[in-house]
Amino acid sequence: MDSPRNVTEFFMLGLSQNPQVQRMLFGLFLLVFLVSVGGNMLIIITITFSPTLGSPMYFFLSYLSFIDTCYSSCMTPKLIADSLHEGRAISFEGCLAQFFVAHLLGGTEIILLTVMAYDRYVAICKPLHYTTTMTRHVCIVLVAVAWLGGILHSTAQLFLVLQLPFCGPNVINHFVCDLYPLLELACTDTYVIGLLVVANSGVICLLNFLMLAASYIVILRTLRSHSAEGRRKALSTCGAHFTVVALFFVPCIFIYMRPSSTLSIDKIVAVFYCILTPMFNPLIYTLRNAEVKNAMKNLWRK
């Protein structure tokens, strides 16, 4: 049951109150948004229409690009609009919707990145069983599991917020609706809920990151017996994936693996994984992957 509340809308402080800085942020975030959406859509189109990119790795990469496109579209347009004027109001329902979608996509991406590491583990450590293990049916099931995990995670987070009474103030010291800034506005003791947030968000991030790290340790040990060319190709693919993992996981662990309090650096960290990481992902995968670059060139010639 929802807790009683007097608050019908929130006001976001954003990243800066300086009009000149706001104009600079508008141009910067508009450029980042266009590059992010354009780059990720280009990867989706390239994988969809390129017969040479039919392996499970690219199947998962297309879904990662789709999630990053949605993630950027969930966060950045509101931030761009808020940079143009001082009124940064968002309805209570709109705040919860943004919060739910962000955690849905974030939770799904965390699990999908772990699935992609498992795909690389099977391809490198058990190559003879790769085609029989990573069938199209298995890939679809793994993507479905990632989405289901994201739904369960975001639903649990939303349930925690709905238990909070909001009686005022209603000014969020952030540029997005997230748990810790909302916990600060609740007119009740939030210690227990803060621990549940750490258990739900922080532990999930940490456990998945540890599984990813363990899989790459096994992969690196296996690569010692491969040829120099085989090591180079595998390290190129795995290096791109691990870079994406580090860019997404490290900020998330920093934010959620600590008590429910906000730090001055939290906004900068949030900009990194909410706004910049979805832009970096397509750049990392295309610049370090010859197959993707060649497929893009072939599509361009057509």
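The backbone N, Cα and C atoms fix where each Cβ goes, and this holds for glycine too.
What Swiss-Prot lists as disulfide bond is C95-C187, and the listing cites sequence analysis. As annotated by Swiss-Prot, N-linked glycosylation site applies to N6. According to Swiss-Prot, the feature topological domain 'Extracellular' maps to 1-24, 68-95, 161-191, 258-266, an assignment based on sequence analysis. Swiss-Prot lists 117-139, 213-236, 288-302 with the feature topological domain 'Cytoplasmic', giving sequence analysis as the kind of evidence. Feature annotation from Swiss-Prot assigns transmembrane segment to 25-45, 47-67, 96-116, 140-160, 192-212, 237-257, 267-287; the stated evidence is sequence analysis.
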Within the predicted model, mean pLDDT of the topological domain 'Extracellular' (161-191):
85
What are the sequence-distant neighbours of N6 (N-linked glycosylation site), meaning same chain, six or more residues apart, C-beta distance under 8 angstroms?
F166, C167, G168
Site with most surrounding Cβ atoms, counting all protein chains shown within 10 Å, from the disulfide-bonded residues C95, C187:
C95
Mind checking which residues reach the transmembrane segment (96-116)? Cβ under 8 Å, same chain, six or more beyond either end.
57, 60-61, 63-64, 67-68, 70-71, 74-75, 78, 90, 142-143, 145-147, 149-155, 157-158, 161-162, 176-179, 182, 201, 204-205, 208, 211-212, 241, 244-245, 248-249, 252, 274
What residues elsewhere in the chain lie close to the topological domain 'Cytoplasmic' (288-302), defined as a C-beta under 8 angstroms and at least 6 residues from its ends?
42-43, 45-47, 49-50, 52-53, 58, 236-237, 239-240
Which stretch from 140-160, 192-212, 237-257, 267-287 shares the most C-beta pairs under 8 Å with the transmembrane segment (25-45)?
267-287
Select the range from 47-67, 140-160, 237-257, 267-287 that forms the most Cβ-Cβ pairs under 8 Å with the transmembrane segment (192-212).
237-257
Secondary structure tally of the topological domain 'Extracellular' (68-95) (DSSP, helix then strand then coil):
19 helix, 3 strand, 6 coil
The topological domain 'Cytoplasmic' (213-236) - residue tally per DSSP class, helix then strand then coil:
20 helix, 0 strand, 4 coil
What residues in the same chain, six or more past the boundaries of the topological domain 'Extracellular' (161-191), come closer than 8 Å to it by Cβ-Cβ distance?
2-7, 9-15, 75, 78-79, 82, 90, 92, 95-96, 98-99, 102, 197, 201, 255, 260-262, 266-267, 270-271, 274
How many of the residues that make up the topological domain 'Extracellular' (161-191) does DSSP mark as helix, as strand and as coil?
10 helix, 2 strand, 19 coil
By a Cβ-Cβ criterion of under 8 Å, what residues six or more beyond either terminus of the topological domain 'Cytoplasmic' (213-236) are in contact with it?
117-118, 120-121, 124-125, 242, 288-289
Which residues, given as numbers and ranges, are at least 6 beyond the ends of the topological domain 'Extracellular' (68-95) yet have a Cβ under 8 Å from it?
5, 7-15, 22-23, 25-26, 29-30, 32-33, 36-37, 40-41, 44, 101-102, 105-106, 109, 166, 172, 175-177, 182, 274-275, 277-279, 281-282
Within-chain partners of the topological domain 'Cytoplasmic' (117-139) [C-beta distance under 8 Å, separation at least 6 from its ends]:
56-57, 59-60, 211-212, 215-216, 218-219, 222-223, 226, 234, 237-238, 241, 245
Using DSSP, tally how many residues of the topological domain 'Cytoplasmic' (117-139) sit in helix, strand and coil.
20 helix, 0 strand, 3 coil
